[in-house]
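Taking it in order: structure first as structure tokens, then the write-up.
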Amino acid sequence: MVSASRPEALAAPVTTVATLVPHNATEPASPGEGKEDAFSKLKQKFMNELHKIPLPPWALIAIAIVAVLLVVTCCFCVCKKCLFKKKNKKKGKEKGGKNAINMKDVKDLGKTMKDQALKDDDAETGLTDGEEKEEPKEEEKLGKLQYSLDYDFQNNQLLVGIIQAAELPALDMGGTSDPYVKVFLLPDKKKKFETKVHRKTLNPVFNEQFTFKVPYSELGGKTLVMAVYDFDRFSKHDIIGEFKVPMNTVDFGHVTEEWRDLQSAEKEEQEKLGDICFSLRYVPTAGKLTVVILEAKNLKKMDVGGLSDPYVKIHLMQNGKRLKKKKTTIKKNTLNPYYNESFSFEVPFEQIQKVQVVVTVLDYDKIGKNDAIGKVFVGYNSTGAELRHWSDMLANPRRPIAQWHTLQVEEEVDAMLAVKK
């Protein structure tokens, strides 16, 4: 009995052990439990490291928040930039397509509109294709001039008053003009008067009077010309406009005063003599007047070969008397001579406003008399551009003032000098 029950008692524990061991050793853990263990370990490790950092907890939390914000901001910027690029590409494609269509059709559209406009014009005017269309020309407004006329029967003198001008056109770059007026009688034109130049104005007030010695019996056959010019120091003066008054249409029983509109000037048939450029300089303390003959251009052809041999004479005059005379060298075979020659005259300050400088351009001739090409004078009783040059010299002592002058017929200048003795 004892032997039989003992094996059974021994076997039971074996079976029990066999069933318990596998249950304790091989039962698998659930996925949630594994992740929780890993997170717990990581958290525990992080907290251990965090406690090692020598900062208070609130500082660590602030750093963490800033880091998170930076990461979020960077992500937002990257996403926005990507979206913006996509939109631009899309718009560019749409815009390119539209432009291509417009560029393709623009010529046809322009032709169509042009043809339509021509048809509309023809319909309005009633003209056919074979008829020529003439556009009406608007009259150019040149301004107007106020003047007065009177005759002194006792002294046989025609008195011409240049009062003022208005609404003149702007011929200079700055939107203004430098106007002055020329007055002369036709047909002789020997005696010309000029008003003073008024700078930078379109409405100059002159109030100047000029006297022509003309017998009344001859006055009816003459025509008075009043021409308004724009002064230019370094080039030819531009004519703004003019008008003519036949003397046989004027009633000299009373003083005539009226406004007249300026008309386009007729082309002058007078032969051009050329232009000369010279500078003036006056030193009051030394009483020294310096004239520098610089150059001349477009001189009249005097020789058979179509050229000239020009030189220049300078006379210092007072009361019709020649005080001193100078002359330049001769330039052979040219109509545009260059001199750059200086001449000095002693003129005391109290005499400077009483003298005249007469400049004459002549053509040298080995055989015979040297012919005068043209002449001009500045100084006492000069007018227009010549008076302006002299005034500028006096207003700027010690400074050379250069200016171009148009040469005039010698006889006309001599007549003016003779009258103004």
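A Cβ is built for glycine as well, from the same backbone N, Cα and C atoms used for every other residue.
Per Swiss-Prot, S-palmitoyl cysteine is recorded for C74, C75, C77, C79, C82. Positions annotated as phosphothreonine by Swiss-Prot: T128. The domain 'C2 1' annotation in Swiss-Prot covers 141-260 and rests on sequence analysis. Annotation source Swiss-Prot lists Ca(2+) 1 binding site at D172, D178, D230, F231, D232, citing sequence analysis. Look at Swiss-Prot and you will find Y229 tagged as phosphotyrosine. As annotated by Swiss-Prot, Ca(2+) 3 binding site applies to D232, S235, K236, D238, with the evidence given as sequence analysis. The phosphoserine annotation in Swiss-Prot covers S264, S342, S344. The annotation domain 'C2 2' is assigned in Swiss-Prot to 272-405 on the grounds of sequence analysis.
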Sequence-ordered recorded positions within 10 Å (Cα) of Y229 (phosphotyrosine), taken from C79, D178, S342, are D178
For the Ca(2+) 1 site built from D172, D178, D230, F231, D232, further residues of that chain with CB within 8 A of the site's CB center:
L171, S177, P179, V197, Y229, H237, D238
Top of the recorded positions Y229, F231 by count of other CB atoms within 10 A is Y229
If one measures from the C-alpha of C77 (S-palmitoyl cysteine) to the C-alpha of D172 (Ca(2+) 1 binding site), what distance in angstrom results, rounded to a whole number?
61
C-alpha spacing of D232 (Ca(2+) 1 binding site) relative to C75 (S-palmitoyl cysteine), in angstrom
73
Rounded Cα distance, in Å, between F231 (Ca(2+) 1 binding site) and D238 (Ca(2+) 3 binding site) is 7
Given S344 (phosphoserine) and D232 (Ca(2+) 1 binding site), what distance in Å do their CA atoms have, once rounded to a whole number?
27
Reduced DSSP assignment, S344 (phosphoserine)
strand
Coarse DSSP state, helix versus strand versus coil, of D178 (Ca(2+) 1 binding site)
coil
Between S264 (phosphoserine) and D238 (Ca(2+) 3 binding site), the C-alpha gap once rounded to whole angstrom:
12
Measuring Cα to Cα, how far is D230 (Ca(2+) 1 binding site) from C74 (S-palmitoyl cysteine) in Å?
73
Where DSSP helix means H, G or I and strand means E or B, what are the helix, strand and coil counts for the domain 'C2 1' (141-260)?
7 helix, 61 strand, 52 coil
